[in-house]
Amino acid sequence: MNTVYSLSKPLERRQSVAVTVGDVLVGGRSPIVVQSMTNTDTADVDATVAQVAALWQAGSQLVRITVDRYEAAAAVPKIRERLERLGFVIPLVGDFHYIGHKLLSEHPACAEALAKYRINPGNVGFGAKKDRQFAEIIEIACRYRKPIRIGVNWGSLDHVLLTRLMDENAQQENPLSGGEIMREAVVQSALHSALWAEEMGLKRDQIILSAKVSDVQDLIAVYSTLAERCDYALHLGLTEAGMGTKGIVASSVALGILLQKGIGDTIRISLTPEPGGDRTREVKVAQELLQVMGFRQFFPVVTACPGCGRTTSTVFQQLAQKIETDLHKNMSVWREKYPGVESLKVAVMGCIVNGPGESKHADIGISLPGTGESPAAPVFIEGQKVKTLRGTHIAEEFELLLSDYIHTRFGQG
C-alpha cells in the first residue's frame with residue numbers, strides 16, 4: 001500500500017520568551033505579530049503620523065520609524081502625542097544606527113515615547129567606541145524599561161567578528177565555505193550582543209532578535225540555527241526582498257518555510273514600493289501569509305476558480321472581486337459588530353465542474369453557470385443547497401443572502 005502523508009497543521013511553535021512591546025505581546029504563546037515601517041522623514045510630523053495611522057489601520061500592530069538625527073528624535077514625542085489625540089494607541093519602534101546612543105541620551109522624551117528600540121550591532125559604533133556606545137543604549141533601555149530588538153543585517157555586519165571567524169576557519173583542516181562563515185557571523189553577532197545586553201542588566205523578556213539577509217536559502221539557514229541556539233523571541237524578515245511579485249514571492253517562501261517549522265514570533269514583509277505606491281501593501285501581504293498558513297484569521301476568505309474555457313463569462317470574476325472588496329472594506333466595523341466574522345469562508349465559482357463541491361465546503365457559496373450550462377446558480381449554506389438563483393440579478397441576490405447570513409450567524413442580538 002502506498003504511504004499517505006498527513007499534515008493537518010504546521011509544526012508546534014518554538015517556545016520563546018514573551019516580550020511586551022507597548023500593549024502588544026511578542027513571543028511566548030501569543031499570536032504571531034504583524035509589523036511594518038514608515039518611509040517618511042520622521043522629522044515631518046504630519047506625514048509620519050498619517051503613514052503610521054494608515055499602517056495601523058491596515059493591521060500593523062507595531063510600526064517602526066527611523067530616528068536618524070536630532071530633528072527626528074525631537075519629533076518622536078510629538079508623533080506619539082498626535083497619534084494618541086487621534087485615538088491611535090500604537091507602539092512605536094525607534095530604528096537607530098550610528099548615533100542612537102546620542103539621540104536617546106540627549107532626547108529623553110524620545111526615549112520615553114518609544115515602545116522599543118532597534119539596535120544594529122554592526123553599526124552601533126566602531127573600534128573602541130563600539131562597546132561603550134552599545135552599553136549606553138542598553139543602559140537607557142534599562143532606565144526606561146524598554147525592550148530592544150538586536151537587528152543584525154548582513155549588509156552591515158560586524159567586520160571584526162567576520163574577520164576573526166574567517167581567520168579561525170582558515171586554520172581548520174576542513175574549512176567551511178565563505179557562505180557558511182557569513183551565516184555563522186550573523187548568528188554569533190545576534191547572540192553575543194543579546195548575552196552582553198543581559199550582562200548589563202537588560203532582562204531576557206526585553207530582548208528580540210533578528211538576523212536578516214537577502215537570500216532565501218541563507219535566511220532559512222540563519223534563522224534555523226538561531227532558533228536552535230536560543231529562546232529569545234525572533235523577528236522574521238527577508239531584507240531587500242525587492243519590488244512587486246518578486247518581493248512578495250521571496251518573502252513568502254522564506255518566511256513561510258520558517259513559520260512551518262515553528263520559527264518566528266513577529267514578521268515584516270519588506271517590499272520596495274513603486275513610486276507613490278501604497279505602503280500598506282506589505283501589511284496586507286503579511287496578513288495573507290499568516291492566514292493562508294492557518295496561523296491567524298484577519299478577514300473572510302473568498303474562494304474563486306481561476307477560470308477556463310468553460311467560463312467565458314466574467315460574471316463570476318466580477319462577483320468574486322466585488323464581494324472580496326466589500327468584505328475588506330467593512331471589516332473595521334464588522335470586527336466589533338460581528339465577532340468571529342474574520343473566519344467566514346465564501347465561494348464564488350464559475351461552472352458546474354468544481355462549483356457545487358467548493359460551495360459546499362465554504363460557509364456560503366454560489367456556483368454560477370458556465371458556458372452552455374443552464375442559467376441557474378445554486379447557493380449553498382453550510383454544506384446544504386438552500387436556493388437556486390436565476391435571471392439577471394443573481395449577483396445582487398447572492399449579496400443579500402450573504403449579508404443575511406453574516407447577520408444571522410455572527411450578530412449578537
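Cβ coordinates are placed from backbone N, Cα and C, and glycine is handled just like the others.
Taken straight from Swiss-Prot:
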type	residues	note
BINDING	Cys305, Cys308, Cys351, Glu358	[4Fe-4S] cluster binding site
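According to DSSP, Glu358 ([4Fe-4S] cluster binding site) sits within a helical segment. For Cys308 ([4Fe-4S] cluster binding site), the number of other Cβ atoms no farther than 10 Å from its own Cβ, over all displayed protein chains, is 12. Around the Cβ of Glu358 ([4Fe-4S] cluster binding site), the same chain contributes Thr303, Cys305, Ala347, Met349, Gly365, Ser367, each under 8 angstroms and 6 or more positions distant in sequence. In the three-state DSSP scheme, Cys308 ([4Fe-4S] cluster binding site) falls into the coil class.
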